[in-house]
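First up is the structure itself, then whatever we jot down about it.
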Amino acid sequence: MSFRYYGSRKSGSISWLLQRITGIFLIFAMVGHYILMHYSPETGHSYEQSVARFSNAYWKMFYLTFITLGLWHGLNGVWSILRDFKMKPWLAITLYGIIVVSGIAFWVLGVSTALHF
Amino acid sequence: MIHQFDAVIVGAGGAGLRAALEIPEGYSCAVLTKVYPTRSHTGTAQGGVCAALGNEEEDSWEYHFFDTVKGSDFLGDQDAIEIMCYDAIRAIIELEHMGMPFSRNEKGLIAQRPFGGHTKPKDPNNPFGERVPVKRACFSADRTGHVMLQTLYENCIKKGVQFFPEFFVTDLIVQDNIIRGVVAIEIATGEIHIFHAKTVMFATGGYGRVFRITSNAVVGTGDGFAIVYRRGIPLEDMEFVQFHPTGLWRLGILVSEAARGEGGVLRNKHGERFMERYAPTIKDLAPRDVISRAMYTEIREGRGIQGPDGTYYLLLDLTHLGPEIINKKLPEITGFARIYLGVDPLKEPIPVVPTTHYAMGGIPTNVDAEVVIDDKGTKIEGFYAAGEVACVSVHGANRLGTNSLLDIIVFGRRGGKKMAEYIKERDFAPLPKDADEWTRKTVERLLNSNGKERVSRIRTELQEIMMDKVSVFRTEEGIKEAIEKIKELKERYKEVKIDDKGKRFNTDLIEAIELGNLLDTAEAIAYSALNRTESRGAHYREDYPKRDDQNWLKHTLIYKNEDKEPIIKYKPVVITKIPPMERKY
Amino acid sequence: MKVTFRIFRFNPETDEKPYYKDYEVNADPKDRVVDVLHYIKNEIDGTLTFRRSCLHGICGSDGMRINGKNMLACSILLQDLGYTDRDKTYKKPIVVEPLPGMPIIKDLVTDFTDFWKKYEAVKPYLITKTPPPERERLQSPEDVELIMEASKCILCACCTTSCPSTWSNDNYLGPAALLKAYRFIFDSRDEATDERLDIIDTPDGVWRCHTIFHCVQACPKEINITWHISQLKKKLVEREI
């Protein structure tokens, strides 16, 4: 009794595709993370060892990509789940705003940490 | 509640939807249907819709014309048949342009296949000589009716046709031979509505549920027939009821003739292809009346197969066709056999019996779908009928497979065009006082009755007697027995009591009204069958086994006569090109 | 065999709340569920209300939830539900409920208004701009094959009402409407592909499909609806890139 067609937004296809591409990247990143950090103790978890990794240009590139794609994938996923529920426009805008703001904030935090060393 | 519409169409099957597409912009049109439009019975048609497109082999509409006349056992009106067969080609192309997804051949043209009774002369120079089956049926797998109904409904959505779904029409408002509208019950609320209209079309479908075994939907209760019959409008050729040879045993669910068109054969208990004896040239592709009689004869003479419940059946053998044809061209019916009988048609033959399928007779109309109430062409002004409920008559004593889908799109359109002309020229005829009186009283009576009879009991007894006495083989004695029974049931119907006394979606009430319609329709069928003392097409009298052109080459018109016996009159058959000849296949 | 039918009953005219009513019946494993419903209505309780018409799975009237799954009552035999023994008395009832997620009119009858609105929203009709040729438009058998499966749809709503995305957001177009959109987008004769893709490219359109496959499970015509919706997503992505 309540169906309303809101008109086209031409919105979804790129983010749908990116969600899948970033998903694939994250699978590899996660597998790599487990192998390196949990199954090979020599990688090391100490402060010095971590700083050393952060100073490495390849690791830096990896971390920057990881932060960007991981954040995007996660927050876009959250937004997509929220979208499964019917929301009043003000609520949708508020939640979307929170997601965008927190996304930017975490990204800035992550990037500045990675670049700090 | 009173509504006002220029045109009111009752029934949203193929004929009703096709007519609705003809109502011009700027005029109001309402389509009333007792189910949702896409649930209409047109959707169950399987095998095809024919037109002499000649996409697969050389063909001509004149061959189609000849086949239809011969199939009708020369009772069809040849002027109407000519219009239908000639117009078929345009009608199919039009459907294709509307978006109907037809199966295609390698050339990208609409694919065609053979069907019962559709032939062409073996030698084109000898048109009345020996004939061979021809590929004339256009199809969409075995869902032709389904996609046709969908396509027509889609086009109505595009046009913005106004629908009143789940409105059950109970009465016609007609006075001084001028139509004024219809009365309907809104099923969801139980409210009675009056639709005041300039024109009304009945496209209400058939009455298969008069009989026990039928391929028809539960909603096929002959409402349109009964409503006009009660209002003093005659019904034409009601004795001609088509029995389809291949209904699933016990259930009556249709197994399309396409199964035989694609090469399936019928076998008896000895595995014999018995149709070779009854129709030596076209065998399993003989018309339906011929095959149904042959099947009953086989069973009577002990060559049927007895099932665990004691009833008999014969076998439809598709096992030699192979998975390619069965899965591509006959997917639906193989599904039915699997679901309902647990039979895999790839490996075993399907148990089948003849099933009540189609009403050749109905509301008499001319070639423009205008209702004509006597042999002089007197019209009910503004009243139209099309589809199975109408009798143009293009099917005469026996309809050929695929001609029903053709009938609805050709005459639905012609009727719609006439309605469009009529509403431009005429004004609303005033409504009589108490237009909904009959409906109100009937509803009140049924809701307040404290009798002892149950709707289902009476309905079952009616269906049993009609199946036993007024189906494929008929005798005077049997029909008289049925008539007595109908009289008894009508008396008992007055004492019928329903459980549901509410207003909201009261299907108990609707079924009770439908039962009244079934009883009236059965009466018209039985009396017409008793009256015609010959055998022609689907009407086979064992006591009069020969066709009698001398006395019976005429249409029956049956009029209701209060509680007395109906009055029967006649109308001549229109013969333009083909004189009656022996009907042999 | 003896079996109990536990049927969802609700008549808003008289009942404050819905309830389940048990009917014990003698049935045959080869009976359809709709046969038993008819038996109950005819012989036991005429107030039981449900829709039905053709009784062989082509009109789409009697979609309902039987033992927790959406299906057509006319296309399922009791033996298919596991009630196979003619001589047994079964303790486990057969539960019959209306299609989920739709407003209830009475008993098993639900309100299809939204379902049809969604159907109409995808412009369910062929749109052509070039004038039609004198004869049929040509289509190869392969062209037709692309839309054959989609054109099987009987609009029974078993899929749409089984979709969790529809349950949480009833503004989602749903599998049935999207399948109809596919039917025309992939019809080689249609000339409004862009317009059609725009219609389904909305947050409440094709992107609410998370390939849950409930629709495929529910479809009585065995249409692989999720595959069809995936083709729509691919088509949208292709258009964007």
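Cβ coordinates are placed from backbone N, Cα and C, and glycine is handled just like the others.
Automated prediction, rather than curation, is the source of TrEMBL annotations.
Copied from TrEMBL, the annotated features are:
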type: ACT_SITE; residues: B:Arg288; note: active site, proton acceptor
type: BINDING; residues: B:11-16, B:33-48, B:Asp223, B:Glu388, B:404-405; note: FAD binding site
type: BINDING; residues: B:His244, B:Ser256, B:His357, B:Arg399; note: substrate binding site
type: COILED; residues: B:472-499; note: coiled coil
type: DOMAIN; residues: B:6-405; note: domain 'FAD-dependent oxidoreductase 2 FAD-binding'
type: MOD_RES; residues: B:His41; note: tele-8alpha-FAD histidine
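The Cβ of B:His244 (substrate binding site) lies under 8 Å from the Cβ of B:Ser215, B:Leu254, B:Glu257, B:Arg288, B:Ser292, B:Pro354, B:Thr355, B:Thr356, B:His357, B:Tyr358, each on the same chain and at least six residues away in sequence. Of the chain residues outside the substrate site list B:His244, B:Ser256, B:His357, B:Arg399, B:Ser215, B:Gln242, B:Leu254, B:Glu257, B:Arg288, B:Tyr358, B:Gly401, B:Ser404 have their Cβ within 8 Å of the site's Cβ mean position.
Under the DSSP three-state reduction, B:Arg288 (active site, proton acceptor) is assigned to helix. According to its DSSP assignment, B:Gly43 (FAD binding site) is helical. With a threshold of 8 Å between Cβ atoms, the recorded positions B:Ala15, B:Val35, B:Arg39, B:His41 that neighbour chain C are B:Val35, B:Arg39, B:His41. The binding-site residues under consideration are B:Ser256, B:Ser404. Their Cβ neighbour counts within 10 Å are lowest for B:Ser404. Counting every protein chain shown, the Cβ of B:His41 (tele-8alpha-FAD histidine) has 27 other Cβ atoms within 10 Å. Compared over the binding-site residues B:Ala15, B:Val35, the count of CB atoms lying within 10 A of a residue's CB peaks at B:Ala15. Checked against B:Gly47 (FAD binding site) by C-alpha proximity, the recorded positions B:His41, B:Ser256, B:Arg399 yield B:Ser256 as the nearest. Comparing local CB density within 10 A for the binding-site residues B:Gly11, B:Gly43, B:Gly47, the maximum falls on B:Gly11. Overall, the recorded substrate-binding residues B:His244, B:Ser256, B:His357, B:Arg399 cover a maximum inter-Cα distance of 14 Å.
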